[in-house]
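Student: Sharing a structure with you now.
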Amino acid sequence: MHSPEFLAASNRLTIDLAALADNWRSMDERSGKARAAAVLKADAYGIGVFEAAPALYAAGARDFFVASVEEGAELRPLIPDARIYILAGMWPGNEELFFANDLVPIVNSDEQLAVFMAALSERGDYPCVLHVDTGMNRLGLSVEEALALAQDPARPASFSPVLVMSHLACADDPPHPMNLGQLQRFREVTAAFDGIPASLANSGGVFLGVDYHFDLTRPGISVYGGEAVNGAANRMKPVVAAEARILQVRTVPSGGTASYGASARFTRDSRIATVAVGYADGYHRSLSGGGVTLRQAMPSGADGFLHGQRVPHVGRVTMDLSLFDVTDLPEGAVRAGDYVELFGRNIAIDDVARAGGTIGYELLTSLGRRYCREYIDNS
Ligand SMILES: *Cc1c(COP(=O)(O)O)cnc(C)c1O
């Protein structure tokens with residue numbers, strides 16, 4: 001049963017919490033002896049942390065990663081006895097937010113180690129995670145810093161990380177030599193921190209196989225139904241479907257044009273459906289069927305799906321509206337009020353992302369606030 005708001009919405013999302021739970025369980029199984037955590041940063045990759053967190057907890061997840069301490073504080077009441085790790089770590093001034101919400105800081109640098117140790121001296125024992133950069137050069141102590149810390153005789157007994165972690169730069173590209181290099185460097189670190197659980201794999205890392213699993217895996221995108229490995233079939237269930245309503249259907253004669261910049265040019269008499277979604281809804285301008293300089297590397301724009309058929313986007317995506325060419329559907333089949341699927345069951349989110357020169361992660365996290373959201377759980 002759909003809500004009246006959903007049935008009348010200009011654009012809407014259906015978010016399948018049973019598929020989300022199945023995807024997490026599947027990643028947990030693929031993680032073998034390791035446990036799978038779940039990554040809930042950026043409002044659970046755009047799908048809504050208030051709904052995603054309890055669903056993943058019910059599926060069995062007990063370890064959750066978010067980016068900021070603010071995200072962690074918002075998450076805490078939803079999953080009271082889960083472990084919540086904060087990727088951005090602790091800074092002077094936000095220590096209390098960690099303690100008050102029982103959040104585990106990830107120590108990413110010598111500076112953050114000093115902040116954490118200072119907070120610890122007032123507080124006594126408190127868990128943390130040590131993040132070591134094994135080659136991505138983004139965040140984390142260097143391998144040398146981590147090894148020195150492990151051997152430091154002055155290291156206080158109160159400093160006992162509950163996890164040592166690192167992050168893979170090329171897990172979406174299995175044959176990339178970076179993967180094995182990072183694995184070898186991470187092994188040096190885990191050997192030095194013998195007995196402390198370790199975590200290396202994001203979604204792509206889980207698919208790299210058992211050597212990469214260690215004790216805890218950190219799948220994100222796969223749980224949300226997106227592609228984790230380039231060029232491999234995606235076996236995850238789609239979690240999010242996006243649809244937008246056709247506001248008007250019009251005929252443009254051969255030789256006519258449409259949208260800003262007269263960017264769509266028609267070489268036959270055409271029927272064009274004007275659909276209520278635009279770049280303000282995260283339907284990026286780079287998905288345009290034509291007329292955007294930035295996307296000239298991509299041969300064609302995104303497709304929509306309507307009455308059993310793909311329909312191409314034409315012309316530029318605008319702030320609130322997009323145009324789809326429905327000429328190839330039977331005359332009279334397409335009406336104002338119909339919904340066009342932007343991605344979901346029939347069109348993979350990653351196919352749409354590719355058409356816009358981006359990735360499913362970015363499409364999901366830019367969905368915006370205008371969609372009417374309906375959460376379903378057919379488990
Ligand atoms: C976002 C993130 C993940 C999840 O990555 P996916 O590719 O979405 O599986 C795991 N670990 C860290 C450190 C992250 O920042």
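Even glycines carry a Cβ here, placed using N, Cα and C.
Just so you know, TrEMBL annotations never went through curation; they're auto-generated.
Sharing the features that TrEMBL gives for it:
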type	residues	note
MOD_RES	LYS41	N6-(pyridoxal phosphate)lysine
ACT_SITE	LYS41	active site, proton acceptor
BINDING	ARG138, MET319	substrate binding site
DOMAIN	239-376	domain 'Alanine racemase C-terminal'
ACT_SITE	TYR260	active site, proton acceptor
Student: Please report how many Å separate the Cα atom of the residue listed as 'N6-(pyridoxal phosphate)lysine' from that of ARG138 (substrate binding site), as a whole number.
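Tutor: Roughly 17 Å, rounded to the nearest whole number.
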Student: Please report the distance from the Cα of TYR260 (active site, proton acceptor) to the Cα of ARG138 (substrate binding site), rounded to the nearest angstrom.
Tutor: 39
Student: Just to be sure I understand, if DSSP states are collapsed into helix, strand and coil, how many residues of the domain 'Alanine racemase C-terminal' (239-376) fall in each?
Tutor: 25 helix, 46 strand, 67 coil
Student: By the DSSP assignment reduced to helix, strand and coil, which category contains ARG138 (substrate binding site)?
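Tutor: The residue in question, ARG138 (substrate binding site), is coil (DSSP, three-state).
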Student: Taking every protein chain shown into account, which of the recorded positions LYS41, ARG138, TYR260, MET319 has the largest tally of Cβ atoms within 10 Å of its Cβ?
Tutor: LYS41
